[in-house]
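Among the features that TrEMBL reports, domain 'RCK C-terminal' is placed at 230-320. Look at TrEMBL and you will find 6-23, 30-51, 57-80, 92-110, 149-168, 174-195, 343-373, 385-405, 417-437, 443-464, 471-489, 509-529 tagged as transmembrane segment.
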Amino acid sequence: MDPAAWTFVILGLAIVAFVSGRVPMAVVAIGVALALWATGVLTLTEAFAGFGDPTVLFIASLFVVSEALDATGVTAWVGLQVVSRAGRGRARLTVVVGVMVALLSAFISINGAVAALLPVVVVVAVRAGIIPAKLLIPLAFAASAGSMLTLIGTPVNIVVSDAAVAAGGRAFGYFEFALVGIPLVALTVLVLALWGDRLLPDRVPDRFADVAPDPREHAQNLRSSYAVDLDTNTLFSVSEGVAEVLVAPRSQLIGRTIYPGMTTRDENLVILAARRGEDEGPNASRGNATPGELTLQAGDAVLVQGPWEALTRYTASPDVIAVTAPQSLQRAVPLGRGAKRAIVILVLMVLLLATGLVPPVVAGLLAAGALILTRVLTLPQTYRSISWTTVILIAGMVPLSAAFISTGAAGIVADAVLSVIGTASPHLALLVLGVITMVLGQFISNVATVLVVAPIAVAISRALEVSIMPFMMSLTVVGAAAFLTPIATPVNLMVMQPGGYRFGDYWRLGLPLMAVYLAIGVLYVPLIWHF
């Protein structure tokens, strides 16, 4: 079998594996790289070149920057400031939420933007008397539109920009995406505001997702739950917080006597209150607060206060079970420790990217390194912040994209497309490529889809003897239109449970939005980036 045929076979098997969902995406990507080497399509160095690709390293660094903004409460502060002023009308809330998440996703990952605003939107919806389902799909869809505002909005933008350079074009500027991103965001928010109420379900979810609680509300709940006089305005701050823990079965704390005001032995945390648990274990039903001394038993609840780092270490002990993780509460504190440093580093990174003084990967790695050196993030936090699935997925699929070019597989597909549509209209070529990209993007990662379709777009543009730039930008636009299924993007899946959505709820609002994206990709993009 010739190399081109092997490339098609490997692509087909990868798509089947992606769609089935039975094999982790990272495993599929590594399998693709191994298969390309085993079949002789690529050399060993070529098959694993993606793991050293600057695009992959840049994307990994962006996850670190996103984590810094989230962990320091920058996203929580921005979300609270804007959403709290949105009022109670569904349409107005949709507009404010849509614009907010779009702006946020332009500078941090789409997943990070949605994760940061998800708890805020749920709380605001409940307070406004609106079913969360009316706002959560709009939150996810608007985030996808916002990713088109800057180069770093989504890995797809970076992949396409690099593909344009490799094909003999130029790299897209940092804010150049905004030329198409601003109309996309405006039209997306308009569609969501006008049709969202009619096309989204009225279903109330059985239960909401586990989201970070509002610090003020959480403090009031603790005060009421323990029936003690606590200043709710001082329980949570930039430097300190409160954690509620249960005494674990077989804990070394069992039999130890505690009382309010004493400090813990190891972490020097202050015990604010305690109450007796009626049963043992993490699901114990708890009784009334005990104002005096209490000899601890399994299942007893204890309220402790102290620095966030000490709380994190204390709750990691096997002797206690945290009711709410301190890290979750700390993220919900607006403009927490390190927020100013994180903002300054973000601004400097954006300036480096916008001016082109250094390659994007250098700007990203400098920002990630600065966040660690200034102690905004710890090294373990940095490792955890990176979506290794995404990194491995891109690294494994980059060689497949290269194989499509080197084996002539992209040319075969391009010739097949051109034999059907002819060479008269590049707009028709954009339409066909757009439909192919959209269909694939509903079932496999949009990054993987773009990596597959990009070399085909390059081959078609060369056959038509037109510029590669409108093809690459159009591919970016339609690649962002993954709206028909909950598995199309991680953010679609993130809002499924808290919104009480079913698999078939997405296409009703997603279909008209996809038509908008296709129209912009085929008709509007060539007006800015000429053939």
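Our numbering is plain: 1 for the first residue shown, then up by one each step along the chain.
Backbone N, Cα and C define each Cβ position, glycine as well.
Each residue in the domain 'RCK C-terminal' (230-320) has a pLDDT score, and their mean in this model is 76. Using a Cβ-Cβ cut-off under 8 Å and counting only residues 6 or more beyond its ends in the same chain, the transmembrane segment (509-529) has close neighbours at 137-138, 141, 179-180, 183-184, 187-188, 191-192, 195-196, 199-200, 426-427, 430-431, 434-435, 438, 467, 469-470, 473-475, 477-478, 480-481, 483-484. Counting C-beta pairs under 8 angstroms (sequence separation of 6 or more), the transmembrane segment (6-23) fails to reach the transmembrane segment (174-195), with fewer than 3 such pairs. The stretch in closest packing with the transmembrane segment (57-80), judged by the count of Cβ pairs under 8 Å and taken from 149-168, 174-195, 385-405, 417-437, is 385-405. Here the transmembrane segment (385-405) has Cβ contacts under 8 Å with residues 3, 7, 10-11, 14, 24-26, 28-33, 36, 41-42, 46-51, 53, 55-56, 59-60, 63-64, 66-67, 109, 111, 155, 159, 163, 377, 445, 447-448, 451-452, 454-456, 458 of the same chain, all six or more residues outside its ends. Tertiary proximity for the transmembrane segment (30-51) is limited to same-chain residues at least six positions away from its ends with a CB under 8 Å from its CB atoms, namely 1, 3, 6-7, 10, 13-14, 17, 23, 392, 394-400, 402-403, 406-407. If you look at the transmembrane segment (343-373) against the transmembrane segment (443-464), you find fewer than three C-beta pairs under 8 angstroms, all six or more positions apart, and that falls short of contact. Among the stretches 92-110, 149-168, 417-437, 443-464, the one making the largest number of Cβ pairs under 8 Å with the transmembrane segment (174-195) is 149-168. No contact links the transmembrane segment (417-437) to the transmembrane segment (149-168), because fewer than 3 Cβ pairs that are 6 or more residues apart lie under 8 A.
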